[in-house]
Structures are given as C-alpha cells and as structure tokens.
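The structure appears below as structure tokens.
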Amino acid sequence: MAKLLLLHAPHVVRPRFSCTRSLVSASALYRRPLIVNPQFSHIGPRLRSPPYNRRFSARAFDDSAVSSVEMEKEKQEQRRDEDYPTGEMDYESRNAWESFVVKLRMLFAYPWQRVRKGSVLTMTLRGQISDQLKSRFSSGLSLPQLSENFLKAAYDPRIAGIYLQIEPLSCGWGKVEEIRRHILDFKKSGKFIVGYINICGLKEYYLGCACSELYAPPSAYSFLYGLTVQASFLGGVFEKVGIEPQVQRIGKYKSAGDQLSRKSISEENYEMLSVLLDNIYANWLDGVSDSTGKKREDVESFINQGVYEIEKLKEEGLIKDIRYDDEVISMLKERLGVEKDKKLPTVNYKKYSGVKKWTLGLSGGGDQIAIIRAGGSISRVKGPLSTPGSSIIAEQLIEKIRSVRESKKYKAAIIRIDSPGGDALASDLMWREIKLLAETKPVIASMSDVAASGGYYMAMAANTIVAENLTLTGSIGVVTARFTLAKLYEKIGFNKETISRGKYAELLGAEERSLKPEEAELFGKSAQHAYQLFRDKAALSRSMPVDKMEKVAQGRVWTGKDAYSRGLVDALGGMSRAIAIAKQKANIPLNKKVNLVELSRPSTSLPDVLSGIGSSVIGVDRTLKGLLDELTITEGVQARMDGIMFQQLGQDSFANPIISLLKDYLSSLR
C-alpha cells in the first residue's frame, strides 16, 4: 500500500459530492487529490389508479406512540399519493376478435419467434441484473427484458406457465421489488408460476415466496438469518503507515470523512445505517407475511431461530415441498398432460425475449413515450475503457435528451436512473438538459436500485420523481479531505521539494506538509460553497425552502419510502407507475395503448460487439493500464455514491473486507 501511495497518491482529494457509504473507496485514497462529496408500459391490460399501497408509515422507525400530528401527516401523504395513478395491472381476458388477430400474427411470425403451444417459459434469476437493454450478443439478465417477458407470458396463449429458478442475486433491493411486482402481476393471469431455489437467502426467498409454488432440493442451503451492514474505518491504518488525513465534513451524516479519520462508527452514521437496515428488514417481513399468509411476528420469530435445515421451511409452510429439479419437471409434465417419456415443451429467457409484443397485441397506439436509460457511474466524456451501457456518458445522454426535446412525436419522456453518481460537472450539465426538456413536455424520473448524489442530481430536474420503497437516494452533502504524507515519506526515505508561485498554489500539490492556516481556511470555504450549491439547487428543484432541504440533506442517504415522506420524491413504485404517470401528465387515457420508444437500445455494431468481447476475454492488461491512468490523471469534482454501502445493503455480504475494498475500488472506476 505504501508503494502505491508513493507512486500514485495525488496528494489532495479534489472537491467531490458523494453518497456516504460504509467503506471508503480506495479511489478516494489513491487517486482523488480533496473529496468534495457535495416498462415497460402495461399497454395491453388496463391500468388501475386507486391509492398506491405503501407498506411503511411516513416516519423512520420510531417506538414512540403515533401522535395526532404524525397521523395527519400520513393522511396528507396518502392524499398526495392519490394524485398519481398506480400503474397496477388488471389482467383482462381477450375477446374473440383479439384472440383471432393474435393467432394470425403468431402464424406469420419468424421461425425464431415461434413457440410451441403449451410451453413453459423457463427463466433463471442470478447474479447482477442490469437495468439496461441487452443485445442478443450480451450475457446476463436485463430487467426491462425480464419485465417484458412476464407481461408477454401472461397474455401469450402458447405459454402454460413459468418455471422460475432463483439463484443467489447480487442486484439491489429496488430491482428485487420490481421483479416481485411482475411475479404478482403474472399470477393475475391464472397461469402457474413455479419457483425453485437451491440457496435460500433473503432476496431469493422474497422472490420465491411470491410464486404460486416454491420448491427446493433436500440439500438446499438456507440462510434466512437476517440482514447486516458493515462500516469499515481506515484511521488506524493511516496512523500506522504515516498518513495524516485532514478532513472537513459538511453534513453530519457524511460518513466518508469519518471513514478516513475515525477508528469507529459515529453516532450519526450508526443512526443512518440502522434506519436503512430497518426499512429493508421491515419491508422483507411484510412481503413474506403477505405471500405466506403468516403473521409478521411469526415470520420474524422463525428468522430468529437460526434455521438452516430446508425441512423446517417445509414444516412451517414456507415452501411447497422438497423436490429435485427433475422431480419438479416430472410434476409439470403430469400437470400439462405430457407423457413421461416425452420432453417438457419449454422456451428459455433468451429466445422468448425475441418474441415481439406486437405479435401478442401488446403494442400499438399513436402516442409515443420516450424511455431514456441512465445506468452506472457518471462521466462527462467516453473513456478508453468505456463499454456500451456500463456507465452514463453525459455527452451521449445529452444528445438523446435534446433529440426528445426537439421532436414533436414524443408526448412525454421517462428518465430511468440506476446510478450512484460520478462527475459533478456532468451531472449538472445533464440536470440542465433534463430541466429544459421538462419545460416542453412531461418528464418522469424513475429510480431503480440507486439514484443518489449525482444520480439524484439528475432526477430532481424532472417534473415527477418515482422511486421504489427501497431505492437508495438523496446523499446531499460534502466532505473534503487532504492527505499529508510527511511521516510516510520519512519512513521510506523519500523526499519531495515543491517550488510554487501563487499564495495557494500548493493547496493541491504539497502533500509533504500540513496545510497552513490560510490554506486550511480556503480548504473549508471551498467545501462549504460546494455543499451550498448542491443543497440550494436541490431545494429549488423540489420547490422546498432551503432550511427545510437542509434538514433532509447533510449527506444522508434515504430509502425511497423515507425520501417520499420528506418530499425528495413524489411517488412510490416501479417503471409501470412511471409510465402511468407519464400518460396522466400527457393527457393520455390510462387504458390507451402507447408506443414506448427505447432511446438507449444496445448497439449491435461489430466494433461494439468486439469491444465487449475484448473487455471480458483479453481486456485484463488494458484494464490494469486504465486503472493506472485513472490514478494519475483523473480530475474534477465528483458527485458520487461510492459502491460499498450500496453493495452491502444490496446483498447479504459475507465477503472478506479486503476483497470488498478492492471491489469498491474497481466499481468506483467504472
């Protein structure tokens, strides 16, 4: 570590907006010289618009009695929520004419889009699930395509049901909520959806229990033990190696400064992480209780027993039965009247993703709504290691936003955000373009797993913001940090002399000494200025007094549910609700079909395909070279929620902390 710091430590960490997290990014240590941490449309079925069913009270978990003031506040929130349609699907059977048209279209479909009648759609959920569309050359799962497959299967007369195999997931809880909603919507069609689970973690079971039936093999692992989040601190490490971090934190919840200078967690950071954890855990308990028909306290009691035998889940009615995969297949064959010696007719996720909605009568209508997807870390221009869909390139996204603004064919636009932030300048430029777009037509921001710091910066320019209950958002705060390496240099026998012109020239370069009083004063003022700009723009965008915004800013990360109760978002729900609200704002009847135009479709050009292959197969050398380049030349203010808190809250983490540090470092460079 000492050698790496010597070669690449950029001495000062430049101003950076950042969403606080549990373990400081290695990039903050090694490459940032002052951290200023300042679907699809349910276009076939009818959309309902009763009040959206939210699980939690408006307040953060509080054991005190609910006062009349709090009750009135919740009533006001419910009335505010009723202003927006829910986007909830009501399955409607087709009439004879509609069925005839669909059968005719299926008859003339391309061979690769044809599906045998009575087929079972098989899909395997595992690992990361991207919020971007994927091309046929791409591996992995795409949430938009998963969502579309659930909808198509509900209305496809050739599909008898779904067999959903659920493997360990590493996506966030926002995507898990969206997938669960599609499972519940699919069940309204009356078709079966059978779940199968080998490793039973909290996310996997949360999805599995929503299925009509859930099975597991006798050797399945059960990890229904609860949730954890970890906070790591580098103060002691720096002390031992001779690094002195000089930290000024603007916003009491901005824990990144604590992670650089402290050896233990602060009260504010503990409070914030505890509330986030409470939200996730309570949401899980309520969801499982609803799906299993068990009392919430009984579900919690079961978790606290530390059950690891899969047989206990069956005894408690938490799974349907214990069976191997081949036994479940045999059961489905018997249910569908398939002979034992015949193969169960199936169609997999990849092939079924190629079936067009038009074939099933699920697209059409003259009105168009633009969908602009923005996922990943934010940068202003495309870098040498950028791959399509892996990050938000401001100059590319701005082109899409302008094309929508200048076109008269789009009635509304939806900005789908799944980003922890990144370059603050890029975030502000996109904010400006989204704001200009919102002045010409309705713009709805739909948040996925995370839309924090720079991601929230983008969203607050929209007319309406929609978040999942467990989206991580907010993070309006600033921390500045500068590293003094004098003791480290002395230990390793290194010397550095700086010659400068200008009173403050050495503020960003002389890491071999501590700041002078006048330098420290400027250092603090620059951080305060960056925070005020971020906070005041958030207040302006949300039509909120600055003093009220100050109470919800201060670097605090909120779940979507808590952000809603505090006015940072307007409604709770997924992509389907965002589309329903876009229709409402554009004066399009909710039951009218619209065309959703994806402006962020994956490229199928040969250079991009080869680029993707190269980055995964032979890109190691290029990646290492790129990391070294990033360490030495990255500049500019950042508006980023670095990855580690998001990852650890987004998944059950048993990872080695050193591995987590490396993962966080790599994720911050994406």
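Note that Cβ sites are derived from N, Cα and C of the backbone, with glycine treated the same way.
Features as listed in TrEMBL:
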type     : residues : note
ACT_SITE : Lys254   : active site, proton donor/acceptor
ACT_SITE : Ser453   : active site, nucleophile
COMPBIAS : 70-83    : compositional bias 'Basic and acidic residues'
DOMAIN   : 187-338  : domain 'Peptidase S49'
DOMAIN   : 437-588  : domain 'Peptidase S49'
REGION   : 67-87    : region 'Disordered'
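Here the domain 'Peptidase S49' (437-588) returns a mean pLDDT of 90 for the predicted model. Rounded to a whole number, the distance between the Cα atoms of the residue listed as 'active site, proton donor/acceptor' and Ser453 (active site, nucleophile) is 12 Å. In this view, Ser453 (active site, nucleophile) is surrounded by 34 other Cβ atoms within 10 Å of its Cβ, with every protein chain counted.
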